[in-house]
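As structure tokens, the structure follows; a few thoughts come after it.
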């Protein structure tokens, strides 16, 4: 066994190189990835430049003077409620000297008081009495009192040379003065002791203020939020890339030996590099703009770098848990926002250390706490430095450690869940796998009792299973024992495999056959280790696949080719091979040699430097096969390996597999019975999860009663009854299967070959009975399969595939077709246009309704838009709540016995009297305050920054005077200390009550608070007006999947497509705008005055704005239709452009001319500009007429129509662009109509050289048909001198583009009732030809006529090569949309759809979304859509690809029913030559863009295929040499094709075969003399003819500018619909 050593380092390096190349080559995505992060950094820099970040130099203690120095003459005091006690208190309060001249008003209730206060802003103050000793003061916050309890931005400032602090507002603007007056009144009324002098003489002193860095309000919070989300763009792309690759490629790479750690490391390392660079960038911005001043570069960089790494690991974890990129992004964003914002609690509160450590497990929380540590130290002019004598910096090491630990935890969890939570039903580990050294899988245990009962023998010898040849006994490589597989479906368990029991042998090629859903792929998934059997066991070379260790060993020698292509599109062919070679563990020194070997064997040297995304589907399939055979694995598991390959490439693959047959185990599944017949030594046929039969082709054909097909060519005098009697005379059990005007086809049993010599001898004498000739062919494996499936067989026309119709199915097909002829005339002109508009509107609505991703994105963007508005309201609510607080002592001061707790301290009492102040001390202790008493001689209290406040007591006993000293950081210190003194005096007068004072916010519904965010309403307008690209760029997807082309070919008017889309998009956008208006109104309704004229103006402008923006985006979508959709990027452009336009108008002071100009030039800004326009006009009107309501003038109403002029302009531009790309479709369009133009066929640049005589005849016939004026004589399809050139890629900037020619002067026509097959290898020009005929691309030269008309519209049914379907729509919805597009009336459409569904057995799939249908059903749907309507022309581009034989039979019958006895013509391209033989009246073979031959199949065989194929199977291997010698003796020119074991194959020239009677006589003698088991003789097939012609394309021999088309890239679509 060829074992290879897998190195994690080698795999990681290879994947890292792949990721780097991906980033380098996908420049737009990488630019977006980097650009958004850089742009966010620049926004931070811009935001920082608008903020003043100034170092406050410090301030000496300040004496603010006495309380009664306040001048209150401008104040108004309003109180409530009015009672005797409150009046008494307020009367006494008014006597205070500081309130002299102050107006004191009583209000009966709070509502009335609020009205008075609002009318007298900002100098009115309110008082609400709760009881005698409790009241609430209402001041204008921010002016008379601070906004917050704490302030980390700037508690002191330098106001033009005068230092001031926030807490002094209480003292200087009347709050403490009014508090003191009220407290004095309460104490005097309660105790009858005068305290006016004691309280009014209180002086205020601020402690000294140390230097610090001043910042604007919420400056720190906003920057932390910016930094927290700075890596969000990167997170988006990480989740997108990782989720996509994990879903698409990771499991396949694991089958090749990829280690999980290598996958995650490769992505982790490249994004670690990105994080490293972006962290440097953002750190430079932070230090350069001095957002943080004192902390060094390296500390900030490490914090950001570790935080970014932890986010990468978090994305890995969430992508494993959630599996979808959209959900991953949303969840990571919300977790980052939530955990990060939770960290703000550390800013304002001191959390318990244990809780803080636990929360640090969330990396955003750890990052936020780290930033807060830096900011707090920066605030006090300290930085994070090492070594740090104070020890404050060392907490940052803990933060670094936690971020590093978080990243490791997330990464380990990602690796763990990656093993136990796979996609779907794939193999996965047990949750406790790490406890078991063997790493057992979940579900690996099978039913032990079953295993014990298993027998060693594969199957007893019976009629269904051919006995294994003796030479293979003991070579059992794969042993499958009682394997069952169940899947969980919605309706319960579904059994995919039902007790399979058979062996696969080394040295044999084994094919697994079966209809779609038979269980082939399920079995292969079990064999390649992707899935685990529900029951039973599988061993490969005696290693059990259920054991992880065994599976790893098997994977080292196994190559797997799945149904889908596995290449990385962004890598070249050579790079793909090199990458997978390294993943497979091929030694680095041997990688290049191995890659070159594969390129040579698959003939891909000339495309080795082409990117995989530019390859044709066939070339991609060859690349996938090449990846599979890298390293020459001993076991090959191939799931439909040749799907999409042309016969020549398929023959190459077959040859490679035959060469590897010896000492290898090759198992493949296929839908092609011919492939199995030719390639496989042993066929295993499955049905509904069970094994039906197994054996060689000859065994299966003999067992199921199928033998030879004898075709007799007849003329007019031939009597079928006489000929049938003649045949049955020689072979009684012969059966007449097909009878038509040209021939009779009989089935002859295989065991009757001994009678063939006499039969053919007599046939040679039957020319007088009307038999002009005969030929014989073997039955195909396809017929065996159809018989096993219980269906009627389709035998090959002429000598291989004569259609044997199942009458019931055929009747259904003919009934379905007849429904079209029974219909009324289809709707046309404006009626059809309206029907199509509504059909497109319905289509758009259904897509929008089911695009969960788009709706979630819209919801997220809407949430982002409304976020500032919510934040504003929350902040206002918090502001109201925070200011409405009680001035409690415990806010700043500790209680006795309480442990020190930030920010509380003890209260310092300084005795400046010459006596004992024990009475005052005692009164303070009653207030539960921890006191510290000292003498004034020791300290004056102004330098003690370790205290929040101090009271200096002076005077003499019983007549104290007080000074209050406050730390400038404690904003509410003065009211609290004044209350402490007041309550102390109460206690000294033996009163036990305490005065309680609260502060309440001023009764404003909207507070003018700048938070650093845009105004919420403005931001809402800005974002929602930029949201439109998410809604309206669906046409790009339609273009890319060619759905738009298909709709146009089906008869859709171009204007109907856009108008139908707009009908839904505009309506949806209007709904969003109305919702925005509603939110805006609810937010501002208390102070927003809306007149009927403003409402009318909005009613006018809103639909116009929605329409203009929608058609503007349609125009953009059309221009960039070949690129990615990038809705988010366009939304950002709209947002940015609107912001710039608003800034321009703002700078120009909202000049109306500039405002209107910006509205016209930038469609996305029009609505926001109109809102601004209304506001400016309202202000102008108010200045002129203060009392009158604002009314719009006639000029103002003209501005409302700007969006409508824009809409008309964009519709016109869109029409012009459509006109440029395709004039034909516009000629009948009722809206975009243009005048009919004469056909302008360009002369062909090439003249035909050395053409076959049949091609020349067809060219003359086509030219004649083109010029004839008799419509009845015109063919259905005329393709005259078609030539197509594409511009190739430049090799360098200065070189010219070389032309690539897809079609070279081809001419042919299709008559009514005829099916013409267009054959050729990949790249021969078939699809280009059919695209020219369909009108998708414009010919470089030549012309096309369909049913006598050059326009395609309404004349064509087209089944393209790819599935042009909408994944989220159901099968029924597709049929209904296309029926409406083709103009079928509702009743006719229902009838036609019902009959087609019945004919193709699609009832169960009617309401299933396309994305959940099998590949075969989706292909059927494409074909059925082409049949809808009564189109006289059908173009079918490989219609049966991927469909099982049963489905193919239905399709073939449908095609024949469509053409039979009708005026329709069909042009068919196919790689399935049996399909061509079954259906086509004529075939044309294209090679390198030219027609090489054309004619009936038998004509081509007679002309080009001169050989017969002889197969002999001997019973004893010892006879092989003798038989070979005898055959060469009997047939001297026989060429040995293949010798394998007991099977011999030869090619015999016609000269050696004719007459057939003598040939069969010789073969019967050989069979008798050498005891042959069986033999077969058949004429050369169409495939042999095709392969011979295809060699011309392989050899090349063309002009220099043309590559051999086998090596062409997929040609670009230059002329789109």
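Even glycines carry a Cβ here, placed using N, Cα and C.
Residues 355-375 are the range that Swiss-Prot records as transmembrane segment, among 145-165, 166-186, 187-207, 355-375. Residue with Swiss-Prot feature N-linked glycosylation site, selected from 71, 109: 109.
Comparing 84, 544, 911 with the features listed in Swiss-Prot, the residue bearing the annotation N-linked glycosylation site is 84. Residues 940, 990 are shown; Swiss-Prot lists N-linked glycosylation site for one of them, 940.
Looking at 965-985, 1007-1027, 1028-1048, the range tied to transmembrane segment in Swiss-Prot is 1007-1027. Per Swiss-Prot, the range carrying the annotation transmembrane segment out of 879-899, 942-962, 1173-1193, 1194-1214 is 1194-1214. Between the CA atoms of residue 521 (ATP 1 binding site) and residue 1322 (ATP 2 binding site) there is a gap of 26 Å.
Nonlocal intrachain contacts for the transmembrane segment (327-347), taken as residues 6+ away from its ends with a CB within less than 8 angstroms of a stretch CB, comprise 152, 220-221, 224-225, 228-229, 232, 235-236, 239-240, 243, 311, 314-315, 318-319, 356, 359, 362-369, 372, 856, 860. Long-range contacts of the transmembrane segment (355-375) within its own chain (CB-CB distance under 8 A, at least 6 residues past either end) are made by residues 152, 220, 224, 227-228, 292, 295, 299-300, 303, 307, 310-311, 314, 335-337, 339-344, 346-347, 383-384, 392, 395-396, 399-400, 402-403, 406-407, 409-410. Cβ neighbour count for residue 517 (ATP 1 binding site) (all protein chains, 10 Å cutoff from its Cβ): 16. Closest by Cα distance to residue 1324 (ATP 2 binding site), from the binding-site residues 516, 517, 518, 519, 520, is 516. The highest tally of CB pairs under 8 A with the transmembrane segment (268-288), across 297-317, 1062-1082, 1094-1114, 1194-1214, is held by 297-317.
The Cα atom of residue 109 (N-linked glycosylation site) lies nearest to that of 940, taking the recorded positions 519, 940, 1320, 1322 as the candidates.
Straight-line distance linking the Cα atoms of residue 1321 (ATP 2 binding site) and residue 514 (ATP 1 binding site), rounded to a whole number, equals 27 Å. With a cut-off of 8 Å between Cβ atoms, the residues of this chain six or more beyond the transmembrane segment (297-317) that come close are 227, 230-231, 234-235, 238-239, 242, 264, 267-268, 271-272, 275-276, 278-280, 282-284, 286-287, 328, 332, 335-336, 363-364, 366-367, 370-371, 374, 383-384, 396, 399-400, 403-404, 406-411, 413-414, 417. Within its own chain, the transmembrane segment (1094-1114) is flanked in space by residues 1025, 1028-1029, 1031-1033, 1035, 1058, 1061-1062, 1065-1066, 1069-1070, 1073-1074, 1077, 1130, 1163-1164, 1166-1167, 1170, 1174, 1190, 1192, 1196-1197, 1200-1204, 1206-1207, 1210-1211, 1214, which lie at least six positions past its ends and keep a Cβ under 8 Å from the stretch. Here the transmembrane segment (1194-1214) has Cβ contacts under 8 Å with residues 1058, 1097, 1100-1101, 1104-1105, 1107-1108, 1111-1112, 1114-1115, 1118, 1156, 1159-1160, 1163, 1166-1167, 1170, 1173, 1177 of the same chain, all six or more residues outside its ends. If you compare Cα positions, residue 1320 (ATP 2 binding site) sits closest to 516 out of the recorded positions 516, 518, 520, 940. Following the DSSP three-state reduction, the secondary structure of residue 521 (ATP 1 binding site) is helix.
Taking the domain 'ABC transporter 1' (478-713) as a whole, pLDDT averages 85 in the prediction. Each of 522, 686, 1444 belongs to the same chain as 514, 515, 516, 517, 518, 519, 520, 521, is absent from that list, and has a C-beta within 8 angstroms of the C-beta centroid marking the ATP 1 site.
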